[in-house]
Amino acid sequence: MLPVFQSDQVLNRCVPSANSSVPTDVLRSFYEILNSPAALEQLVADLYRTWRLIFILSFVSFMLALVMILLLSFATAAIAVTFTVVVSVASVAGTLALWWAYLETKWLLDETPIEQMLEETATNERWLLILAVFATLVTLVLLCLAAHVAKNVKTLAALFKEASGFIKALPSLYLQPIITVAVLLSLFCAWMYVVLCLATATTPEARQIILYTEDSNMTSVNKFTLLQFVELSWVRFGWWIYLIALVWVSELVLSCQQMTSAGALVDWYFLTSGRRDGGARLLLTSVRRLVWYHLGSVALGSLLIALFKLPRLALRLLGIKQKPLCYERGLRYVNHNAYAVIAIEGIDFCPSARVAYQTMESNRLHLSPINSTGDCFLFLGKCCVTAVVGCVGLLTMRQDPQLHVYAVPVLVLCVFSFYVAHSVFTLYEVIYFMFFHLPYLPASMKYEAMQCETLRYCSRQNVKNYTPG
């Protein structure tokens with residue numbers, strides 16, 4: 001009869017306590033069994049246990065971003081300063097929380113004997129260190145941006161005051177972030193479901209096992225069939241494709257939102273029809289135009305933006321000043337502002353991106369303060385939402401004893417929260433680009449767009465000699 005030792009619960013399993021009289025080699029064998037599952041299986045198991053919490057906190061990030069957008073409608077300097085302070089405090093608090101979690105995990109590992117060390121704890125330490133270092137770098141950047149925004153509070157207040165006026169004239173634009181977030185959350189849930197399916201995608205394989213050889217003097221035993229499940233080879237390469245697909249499809253959803261908002265704003269700018277109902281008819285018309293005419297351009301633009309985002313950021317961080325042919329002719333033109341030109345002119349993505357970039361470059365003296373101040377503040381808002389939700393997720397998940405590597409679900413939560421916040425703040429990005437860059441677009445383009453929209457309105461209303469308002 002085996003002796004029954006005093007046991008402790010470790011990863012939902014009974015393991016002999018270190019204070020009991022169990023031999024060291026036996027205790028080491030128990031922990032080797034606990035460390036035997038593959039790392040991928042542990043990560044997928046953690047995502048499965050936390051998907052409800054990730055979904056709820058992603059929705060909380062949407063509500064938080066929506067509240068910030070509604071407060072921006074007041075467009076006062078005090079609110080701008082308050083937001084800047086809140087962003088700074090939230091980013092610093094999130095960084096300190098990550099460093100504290102890392103130090104606690106490290107101290108726990110230092111005090112744990114080697115034979116009782118869990119691979120999950122070591123993996124948590126590595127992931128928390130990576131996240132803490134990354135959060136520190138991001139916090140330094142955010143503090144610099146916050147200082148830049150604080151110096152231009154008056155410009156920021158005037159900018160969002162004008163943008164808030166357009167939103168009040170088109171309140172139906174608030175439906176766009178709600179629909180986009182619903183689609184994004186559905187996409188994230190479907191993505192996590194497929195991740196679980198890929199992690200468990202195995203094929204049965206049968207092997208014949210002979211327990212004893214024929215030369216043995218023991219009684220002959222028939223062959224036994226061992227059935228084991230083997231991981232498919234293509235699954236290892238499918239992870240990267242599926243990860244890229246998540247980024248692309250998320251970018252596609254956000255691009256559709258920007259294109260729809262830009263189309264509704266163009267119709268509102270050039271036409272007086274549709275203004276009395278809060279722009280609901282203009283929004284539906286823009287959605288129909290997107291589906292019938294511009295879906296291919298949006299798909300191409302979202303793919304190019306997703307592919308070129310990291311290379312362009314790397315070139316900027318490295319401070320490369322030369323202008324290679326590929327960068328000069330392609331990389332620098334790819335940006336979200338092309339959707340506004342598509343909504344005005346109705347041309348493809350690549351020519352629209354070139355026109356948008358040339359418009360910004362030729363009028364840099366007038367547009368640079370607007371772009372830098374507005375983009376910095378909106379980026380601070382996105383990071384604030386991500387930091388707050390990430391802190392809540394970190395403090396909640398680290399208390400769950402069933403999680404193996406809780407740092408990975410926290411990272412997934414931060415990525416989802418940033419996308420959700422981006423979908424809400426994108427509304428202001430489209431507005432201030434449209435109405436602060438529209439006067440600098442080529443006159444021929446504005447005339448053609450006005451003429452096109454006027455003829456479209458006349459054909460619907462059966463009126464003659466109509467002059468756009």
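One-based numbering along the chain as shown.
Every residue gets a Cβ built from N, Cα and C, even glycine.
All TrEMBL annotations are machine predictions without curation.
The transmembrane segment annotation in TrEMBL covers 53-72 (among others).
The transmembrane segment annotation in TrEMBL covers 79-102 (among others). Same-chain residues lying 6 or more positions outside the transmembrane segment (79-102) and placing a CB less than 8 Å from one of its CB atoms are 68, 71-72, 125, 128-129, 131-132, 135-136, 138-139, 142-143, 146, 149-150, 153, 156-157, 160, 377, 380-381, 383-384, 387-388, 390-391, 394-395, 398.
The annotation transmembrane segment is assigned in TrEMBL to 127-150 (among others).
Per TrEMBL, transmembrane segment is recorded for 171-194 (among others).
Among the features that TrEMBL reports, transmembrane segment is placed at 239-270 (among others). Among residues of the same chain six or more beyond the transmembrane segment (239-270), those with a C-beta under 8 A of the stretch's C-beta atoms are 166, 169-170, 172-173, 176-177, 179-180, 183-184, 187, 191, 194-195, 198, 279, 282-283, 285-287, 289-290, 294-295, 298-299, 301-303, 305-306, 336, 339-340, 342-344, 419, 422-423, 426-427, 429-431, 434-435, 438, 449-450, 453-454, 468.
What TrEMBL records for 290-308 (among others) is transmembrane segment.
Annotation source TrEMBL lists transmembrane segment at 377-396 (among others). For the transmembrane segment (377-396), the list of distant contacts is 53-54, 57-58, 60-61, 64-65, 68, 80, 83-84, 86-87, 90-91, 93-94, 97-98, 101, 138, 142, 145-146, 149, 156, 406, 409-410, 413-414, 417-418, 420-422, 425, 428-429: same-chain residues at least six beyond its ends, Cβ to Cβ under 8 Å.
According to TrEMBL, the transmembrane segment annotation covers 403-421 (among others). Counting same-chain residues at least six beyond the ends of the transmembrane segment (403-421), those with a Cβ under 8 angstroms from any Cβ of the stretch are 11, 39, 42-43, 45-47, 49-50, 53-54, 57-58, 61-62, 64-65, 120, 123-124, 127-128, 131, 181, 184-185, 188, 250, 254, 381-383, 385-386, 389-390, 393-394, 397.
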